[in-house]
Every structure is written in C-alpha cells, then in structure tokens.
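S.K.: A single structure is presented below for examination.
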C-alpha cells in the first residue's frame, strides 16, 4: 500500500536546481549521443534516461512529501503518460530538434495539468505546478532515451516501427514509471533521505536499461544489446550496493531473521 510524505517540504540533500540540471542536460546529452553514435553505443540513450529518471524521482519526492497518499504511484504513471504524448509529438514535427521540441511540449502539458490539479481540483500543494512541469519533462526524456536504446535513433519513423508498433512502448511506460514513482514509495517516512531515495532511482533506471537492452537485440544485433545489458548490470550493481549501504547507515539495526518457522514449530 502507498502512503504520502510527512505533509511538508522535503528536506536535505542536493538542491532541486542541481538535480534538474543533471536530469535535463544529462538526459538530452545522452539522447543525442545515442542517436548520432553507432548502434553499439545506443546505451548512451539509457544513460540519459537514468539522469532523467533520477530527476523525476526527486520531483516526486518533493511533491509527495506534502502528502499525496496513494497518489504517489499515480503521479509516476501520469509522468509517462504526459511523456508519451509529448515525445511522439515532438519527434514527429521536430526533426533533429525533436527531443527539445518534445521537452518543451512536455513542460507546457505539465504546467496545464499542474494548474488544473491545484486550482480546479484544489489539491493545495504549493509546488504542484512546478513539480508537474518537471515530472512531465523527466518522463518525456525517459521515453525518448529508452526508445533510443531499442531503436538506436530518435528518428520518428524508426521509433514508431521499432518501439511503438511492436508494443515496446508499453514496456517503456511501465519500467520508466516504476523508476520515477517507486524510489520515494520505497523510502517514505519520517527518516526518508534524498541519497537513499535517489539510489533506488538509479537502480531501477539501470534495470530499465537492461530490459531495453534485451529488446534492442532484435533490431541492433547482439553486440549492441550485449553492451546495453553490460552497462546496465554494472550501474545496477553499483547503485544496489550504494542503496544497501544507505539502508545500513539509516537503520537502527540490521539483523538476520532466519527462515520462517514451520507450521509444526508454531504449534
């Protein structure tokens, strides 16, 4: 079951502007590198998606700290919903500037939804408008970045053929949404820390790179797919160990419980 945050502004860690810069600049840089470099280096699109996913998870952390309840998963899903619309629109009309056009379109969509959430629905969260702009932008970059991993390019026709028409877009929607919504959901509470939360975002984003790496084998070949998977596994292992270290740091005690007792032992 999901729960909201503590009912106020998220505290501690890197300032939002720093995470935003990492997500937006890193996301776009990875997408363009993955597009222009040979297919073997399409994992750069995945690295861009990781940057964007961390940004999205931090935005969810900040807005959900005001208390969204079961809206924590919902806001992650809406980020990818906005992202798909903005990504396909921008790539279809923007040409080489497609990712940038998509990013701008996402910001506009996010702003509209943020205003509706606060002014019409009356959620009353001070940063809702800004957070929805950030979450929409991050979701869009995640969609495009993971599409580059699979298709090797952000060319609209190839993305439609190799990502949308065969249904991989649904896969990206789920794994991208989980990477944005799950980190705060897994760490929420009065002792939530930004570094612990965002380490989960990196870990989930690495899993997304691994999964899309497998999907890329059908179009890009085994060498490119192998590199995508290898990079994802390395990042996942690093992020998981960082997360485990943060858990031990923040826990009162880490103990082994052993195996669950059998029915006979409980009698």
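Backbone N, Cα and C atoms are what each Cβ position is placed from, and that goes for glycine too.
Pasting the feature list from Swiss-Prot:
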type     : residues : note
TRANSMEM : 19-39    : transmembrane segment
TRANSMEM : 40-60    : transmembrane segment
TRANSMEM : 75-95    : transmembrane segment
TRANSMEM : 96-116   : transmembrane segment
TRANSMEM : 131-151  : transmembrane segment
TRANSMEM : 162-182  : transmembrane segment
TRANSMEM : 221-241  : transmembrane segment
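What's the neighbourhood like for each of these?
M.R.: Away from its own ends, the transmembrane segment (19-39) comes close to residues 45-52, 54-56, 58, 99-100, 103, 134, 137-138, 141-142, 144-145, 148-149, 152-155, 198, 220-221, 224 of its chain (Cβ-Cβ under 8 Å, at least six residues beyond either end).
If you look at the transmembrane segment (75-95), the same-chain residues 6 or more away from its ends with a CB under 8 A from one of its CBs are 56, 60, 63-64, 68, 101-106, 109-110, 113, 135-136, 138-144, 147, 154-156, 159, 164, 169, 172-173, 176-178, 180-182.
With a threshold of 8 Å between CB atoms, the same-chain residues lying at least 6 positions outside the transmembrane segment (96-116) that come near it are 24, 28, 31-32, 78, 82-83, 85-87, 89-90, 128-137, 139-141, 144, 154, 156.
Under 8 Å from some Cβ of the transmembrane segment (131-151) lie the Cβ atoms of residues 20, 23-24, 27-28, 30-31, 34-35, 42-53, 55-56, 59-60, 62-63, 75, 78-84, 86-87, 90-91, 98-99, 102-103, 105-107, 109-111, 113-114, 117, 125, 158-159, 161-163, 168-169, 172-173, 175-177, 179-180, 208-209, 212-213, 215-216, 219-220, 228, all in the same chain and six or more residues away from its ends.
Within its own chain, the transmembrane segment (221-241) is flanked in space by residues 39-43, 46-47, 50, 149, 152, 199-200, 202-203, 205-210, 212-214, which lie at least six positions past its ends and keep a Cβ under 8 Å from the stretch.
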